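**Q** Found this in TrEMBL, in case it helps:
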| type | residues | note |
| --- | --- | --- |
| DOMAIN | 240-584 | domain 'CN hydrolase' |
| TRANSMEM | 42-58 | transmembrane segment |
| TRANSMEM | 65-84 | transmembrane segment |
| TRANSMEM | 90-109 | transmembrane segment |
| TRANSMEM | 116-135 | transmembrane segment |
| TRANSMEM | 155-184 | transmembrane segment |
| TRANSMEM | 196-217 | transmembrane segment |
| TRANSMEM | 605-627 | transmembrane segment |
Amino acid sequence: MTPPIWTSRSTPLAPLRRLALVLLTWGMIGLAQPGILRPDGFGHLAFFAIGPWAFAASRPGRRAFLAEWLGHSLGLAIVFHWMIAFMPVILAPMSIVPALYPAFAGVLLRRCRRWPLALLAPAAWLFAEALRWYLPVPFSFGWFRLGMLMHDTEWIVGSAAWLGTWGLSWGIAALGGLAADLYTAVTRPQGTRYPTVAALVFGLAPLLGLIGLSVVADRSLQMSATGSDRFEEGPDLLIVQPGISQEIKAARRDPLADRFVPQVTRTLQALYETRPADRSGDDAQPDLVLWGETFLPGKLSSPEVQSAFREGARPADWAWPYPAPLDERNFMGQDASAREMVGALFGQASMRALWKGLFDGGLAVDWAERVMIGQRLLPPGTSFLSGVEAWTTVGEGAERELRSVNGVVLWDAMGQGSGVASKVHIVPGGETGEPLRAVPFVLDAVKKVARAIPDFVGTDEPSVLTLLTRDGGAYRMGIAVCFDNAFDDPFTAPLARGPVDFFVVASNEAWYDDSALMDHMLAFTRIAAASTQRSIVRATNSGISCVVGPDGRVRAILTVPGDDPEADRKRKMVAGVLRSRVPVPRRSAGVEAAPATFFVHAERWLGPSMGGFGLALLLLGGLLGAASRGIVVKSKEDGYPAA
């Protein structure tokens, strides 16, 4: 006679034990994330982290939903702990609301009685993860996905070129489900059986598939120090990181003295100190100097926006720092001052009285005379890129208003600027008051921290700018700004439209001090590079600035000696420079030498499809479980509801 199938899913679980198991899962995830035990995290800790949650969520019990909701809320608070440095009041809604989705996934999981958790756990986790990712604020915040923890696991991260972070999430969750299955199989009563073979198949097949895809990706890239069939060393870049605190950047005291002048001094010093030994003259200078997010003083406005201002367009009534009407002198002065700062770099300064007053006022710099006589500060052939603020308009006719834009401008070697490449994803609360303006206590918190009610708007399509180098090359740079770094589409959308040689992320994470958020951003960058097989350059105000290759590996990173120069290198909240070339698709082979990855074209539908597939599995498993007439060994404690 065939032994009956054993399932512990009919055995009730007490609320406190359930809470402890959910917290064990999030504790392992929390320790695995970047910036906690080590800068790049311990991704291997996450391999079986989903196991305790899967085991708990599959069993019925009193207050099951509430216990799991509480556990997931505390777990997400662990992941989002860096928010304490910026706006602690936001941490509660950031954690409590999205925690509803994995708690609801647990309800569905408890109705699937017969299938292995190696299949059901990733289905439930991906369903909840897709909800967290795609639902807008205030219903969710996105940010964290389980697969992100694999950014430093080189033997598997290459699979992101096909399945992105979603495939990595499924593979890890399947291993966790397998761990729960094996525990159940080992502890089952004597004389019963468990579908261990099926569990092994569903648990290991995704991992083996991801490893195979990663091997294919690594071979196709053929990365080497001197280039490859598909990639070669591209433009020579100089990233200048000021390392200033957010208090200085946001104080709005004297942006010239506090930010611009020290940054120019640091840039000119770096141009001299980073010259390669094997080159001389202008050939020893970089093709591009990069500054971080919104670091250029002033606020740009296009002729179209200036015309709208003259016709009556003004900032929204609720927006600060303009509680009083913005007059034309101040409005035009913001644009003029920003352009004057850049003009000084290219020997095109025109406000000599401004500079004379600045230098005569006691601000002594060795490049003052060069500005006064109209001599350019940047070497011939060197372009300049900086994060900027700018004005734009929204609405039509009498309803038209001025709104702020957080973006990037590229000035070529002759000092001619591009249009503003705007940010796509605006930070809720930090850059836009919508929809949080309707919540009074949130509005008050934003006012206190940011000294403003932010009025920024994003763009629908990420921008691509063209960098012209001194050797006659032309490189297409995809542009992302700060929060964009946490998303897929700022990197996939430009490549889906046409060729992109590499990406630049201009960022400012000084709001969060030296918390793990900076390490998270680097992890997002590495996953994005592996997903698109394009290099990504991070130019930040306080860290972490780096160059990541198309395989997701860090090629160069800005660090400075720490307290122990022999063993400690700091990469967060430090001032410094980074000179590096960026790998790009080989020019002689044309764009087809490095075509867009599968994930680039699949990104829009892959996440919803995997989340929907997970939901379908859970619903089907629940229906089959309800209709099943198989023999199941049950506990004498049966009787608790399965919700």
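Cβ atoms here come from the backbone N, Cα and C positions, even for glycine.
Just so you know, TrEMBL annotations never went through curation; they're auto-generated.
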**Q** Give the mean pLDDT for the domain 'CN hydrolase' (240-584) on the 0 to 100 scale.
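**A** The predicted confidence over the domain 'CN hydrolase' (240-584), as a mean pLDDT, is 86.
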**Q** Is it the case that the transmembrane segment (42-58) and the transmembrane segment (605-627) touch, counting contact as three or more CB pairs under 8 Å in which the residues of each pair are 6 or more positions apart?
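**A** They do not touch: fewer than three Cβ pairs between the two stretches lie under 8 Å.
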**Q** Against the transmembrane segment (116-135), which of these stretches has the most C-beta pairs under 8 Å: 65-84, 90-109, 196-217, 605-627?
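**A** Comparing 65-84, 90-109, 196-217, 605-627: 605-627 has the most Cβ pairs near the transmembrane segment (116-135).
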**Q** Please report, as numbers and ranges, the same-chain residues at least 6 past the borders of the transmembrane segment (196-217) whose CB is under 8 Å from any CB of it.
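**A** Contacts with the transmembrane segment (196-217): 115-119, 122, 155-159, 161-163, 167-168, 170-171, 174-175, 177-178, 181-182, 185, 530, 533, 551.
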